[in-house]
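Asker: I'd like to ask some things about the structure below.
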Amino acid sequence: MSSSAADPFAARLNSDVRQRHPTASATSKNVEGTSQQKQQQQQQQSEANAAASRVKKTYGKTPDGTVFVVPTTHDMVTQLLDPREPKNLSDVAVLAIIALHFLAAYYLPWGVKRPLFAAIFMFWRLAYNVGIGYLLTIQSKYKLLVTWAKRWKLFENPATGKNPRPWLYNLLKKELETKIPQDYKFEEAPIEYNTWLTFRRVVDLILMCDFISYCLFAIVCAHKPDGEGLFMCFARWAAGITLVGFNLWVKLDAHRVVKDYAWYWGDFFYLIEQELTFDGVFELAPHPMYSIGYAGYYGISMMAASYDVLFISIIAHAAQFAFLVIVENPHIEKTYNPPQPRVRCESEAGSQLQEFASEYSVPSTTGRHDNTPLPVHNLIGLKNLDFFRITDVAIVLLCAYLAVVTMVTPNTRFYQALFVLHALAWRLWYSAGLGVILTMQSEEKMFTRHFLKYGESVGEAWRQWKGIYHLSNCLCHASFIAASYKMYEFPADWTYGWALLKHVVGLSLIALQVWTATSIYESLGEFGWFYGDFFFDSKRQLTYTSIYRFLNNPERVFGTAGLWGAALITWSRAIFLMALAGHFLTLAFLAYVEKPHMQKVYGRNLRDDAGVTKFIKRSLPPPVTEWQQSIDKVLDETKHFIDEFVDAARSRLATGSSTIVKDTSALFNKYPARLTLSKISPDLAGYDPKHYGLSLAGTRVVGTNEKATGKESPNARVLKDVKTQAFEYGAPIRVKWTAPANHSKKDWVGLYMVTDNRSREVTEVPSLGRWVPTNPGEYDTTTDQGILVWDQPVEKKSEDTDLVEGEMVFEGDKLWWTQGVFEFRYHHGGGHHVMSISEPFEIQIPKFDDEHMGVDISGEVGERAVEAALLPVIRNCLDRDPDIAPSNAEERFGGHVERDGKYARRVVYAIRHMFGIDFAPAVVLADGNVRRLAWRICHAKEVLAPFSMSHTNGRTTPVDSKFSE
């Protein structure tokens, strides 16, 4: 949130304060002794204090721009349990439901309690993650909760005569005003704020019952393990209480920072006009309320000494992470991190990341390789696996060989030792061997010089290095997994000893390492993952995002957690030593390879302390801080002495390689809104389909007619008089409809493929979001956006009925992004009974035929022709949105293209059918403008020209002259 919008209020209130203070000061100097002036002074001072207090008030803004004072509210525990807080009917209902939980835990038979409370807790957990998640999702996307409140007139004053339920209005008014005695009037508050307050009461019930049912389930399952000693019992309870206390502190500190506004997802309804400051626990871990904020679950599991409680805690925690990923993160991205405005001028097109140009330095007659597109064929991830690439083939084959050998060899001590030594060798090569190569590359560009020596380019050196590093990384971890498999023994009894707990903790550590690696890759991108700044002079600035916001070197702490997890699961000395060696080698790599290079490249731009370090330093008492500073001073002096002695002065602080390539976490709008099939409406009597009609208008395709190609019989070559309309791929289509004046306000028009429906009377398939209602305000979703005109009287041409007309536009996600033959269907009354069908029309992508155009695709003229043909298609694919679609060939695409993969998929589909070139969607993201895409298309067509079937681009057989007779 930005504070700029709040500045006018602050400026106005501050001016009131400034105007009153001089008056009070002058009065006290001139007539200080009089009681009258003292009273004036006190009155003016109180006014100044009141103004100052108004300055501190929080202001909110609704989506329509309404600004209001956000009153102070209290958390649910205080509202429910503090006797000093006023109570109302909803509080009594919540407390009564909680009391029922306690009564059930006390009176039910012992054998019923455990499964019953497990089911009760899972019910409330689903109500939280699924129920609240669904409500928040539809509110974020469609403002549907506010729409429902408006439709049901929940907050409409009964005095207007428009509220059908005055009793409900009075109940809500009493409920909400009782809780907020200051700065709040039910009648004057925006509907978004009142809706949020009502939503809060539902959340209070779910959250309280969720927590209470979990605690009662833990109490029901609690027991003392057989044979547990006093020391172990004390340690278990001490650790559990510590985790619960830590959990309590996390929740309280998080609430201190975000207040009720973020605690109850207020930004789904309105925004507050002030800067967001995240300190305290928010510097300790990402999403602390969902990550370390659930530490208490595991503390309670320890105190209960129950695996049932532990497993249900893990399930609940996983469900909470799913809630975060599916519900909260998309809304956070949309609200606080919108795509950057599109760059209007592409002045840097030829210079941006020029070091990558050599990767595509192939011979060309254009000589324009200064504007070469970026490489896009990434290595990391299963989605990038390519069996036409030698690195991927080698990794798959070697891992397959390793897996086969692991499975077929016996688990004798000889083979176990052999596999452990094999894994150790790969670990040494991965950390020490590659570390030496990177050190020499940093100091004297050794790796690059080797390829330049044989006439290769810097890009070739970079590609080969990525392959070596990727292969080494995969084989290092695969060999460790194979060694762990050889040393693992399946437990004969999972309930004996610590067998089950070791597996749970071990798998958690492995998951932690996987998450850490994923976060690092998302932050650094492919360039940083493969240490690109060792090969190229990077001009990027260090930015600390994602996991690097909290840790300078996440690999130091969490990067080897999976090794210790495997050691815990296998419970093997050899694997433990392997984990120890791997951790030590990782620390050595960071200290002796990465840190010196980072110091040399980024220098003073390196950050001193990460978020966790800052938090710990601020939390220490002053004596400890002074002692720590003195120790640091002694260590620094000793370190400098040693560094000077060995002539290897290096910085004390270490940071991770933080060269950032843009975050490609795109939000995929994969599942559009859909309509549910319904029965034929019974109120069709009196509606004649002949009074309904649809007509279309759109951008027609300009090109040759290919329907008569000379391959038909002579009679079939005659073109028909009535031509089917053909519109451009992705171009908006305007639909004009006609209907009787008394038509249903819930009528709607949908777009379908002609072959999707067998019946002409009833539509048989869902519209999948490709529909627009005829009248606004009749449906809850955002379908009204396509309505242009509705219910305009039509000049009367027949005496039997009065007609009205309207107009709507289908664009963006309401279109089919494929070629084919389509039709619009007019439906009656919110159902699927068809009243009218438009004439069929085609969606076409005109082919770019350089042969008939007489254009040399390998020349600059050819590139310009491709640009001219490609630009309107790209604009259609990007919805013709000025914030996304370029106006010329040099302008970059908008930031939405990186966020939402649908745009890139539209573009590559169009290029495939227009030019016959199949690109990956990542190519569109890397090129970023039409000019680079045109260059890539021309280059691809030039390379593929010898394999083309056309005469101008080459022949399939080397025929240079006619056959001799």
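Backbone N, Cα and C atoms are what each Cβ position is placed from, and that goes for glycine too.
As listed in Swiss-Prot for this protein:
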- 1-91: topological domain 'Lumenal' (TOPO_DOM)
- 1-55: region 'Disordered' (REGION)
- 22-35: compositional bias 'Polar residues' (COMPBIAS)
- 92-112: transmembrane segment (TRANSMEM)
- 116-136: transmembrane segment (TRANSMEM)
- 137-201: topological domain 'Lumenal' (TOPO_DOM)
- 202-222: transmembrane segment (TRANSMEM)
- 223-229: topological domain 'Cytoplasmic' (TOPO_DOM)
- 230-250: transmembrane segment (TRANSMEM)
- 251-279: topological domain 'Lumenal' (TOPO_DOM)
- 280-300: transmembrane segment (TRANSMEM)
- 301-306: topological domain 'Cytoplasmic' (TOPO_DOM)
- 307-327: transmembrane segment (TRANSMEM)
- 328-389: topological domain 'Lumenal' (TOPO_DOM)
- 390-410: transmembrane segment (TRANSMEM)
- 411-417: topological domain 'Cytoplasmic' (TOPO_DOM)
- 418-438: transmembrane segment (TRANSMEM)
- 439-467: topological domain 'Lumenal' (TOPO_DOM)
- 468-488: transmembrane segment (TRANSMEM)
- 489-496: topological domain 'Cytoplasmic' (TOPO_DOM)
- 497-517: transmembrane segment (TRANSMEM)
- 518-573: topological domain 'Lumenal' (TOPO_DOM)
- 574-594: transmembrane segment (TRANSMEM)
- 595-965: topological domain 'Cytoplasmic' (TOPO_DOM)
Asker: Give residue numbers and ranges for long-range contacts of the transmembrane segment (230-250): same chain, 6 or more residues beyond its ends, CB-CB under 8 A.
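Answerer: Counting only partners 6 or more residues beyond its ends, the transmembrane segment (230-250) has Cβ contacts under 8 Å with 224, 281, 288-289, 292-303, 305.
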Asker: Ranking 92-112, 280-300, 418-438, 468-488, 497-517 by Cβ pairs under 8 Å to the transmembrane segment (202-222), which is first?
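Answerer: Comparing 92-112, 280-300, 418-438, 468-488, 497-517: 92-112 has the most Cβ pairs near the transmembrane segment (202-222).
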Asker: Under 8 Å between C-beta atoms and at least six residues away from its ends: which parts of the chain pack against the topological domain 'Cytoplasmic' (301-306)?
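Answerer: Those are 218-219, 221-225, 228, 236-237, 239-241, 243-244, 313, in sequence order.
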Asker: Looking at 116-136, 307-327, 468-488, which one has the highest count of Cβ pairs under 8 angstroms to the transmembrane segment (390-410)?
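Answerer: Going through each listed stretch, the top one turns out to be 468-488.
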Asker: Please average pLDDT over the topological domain 'Lumenal' (518-573) for the predicted structure.
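Answerer: Over the topological domain 'Lumenal' (518-573), the predicted model scores a mean pLDDT of 83.
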Asker: Helix, strand, coil: count each for the residues of the topological domain 'Lumenal' (137-201), based on DSSP.
Answerer: 42 helix, 0 strand, 23 coil
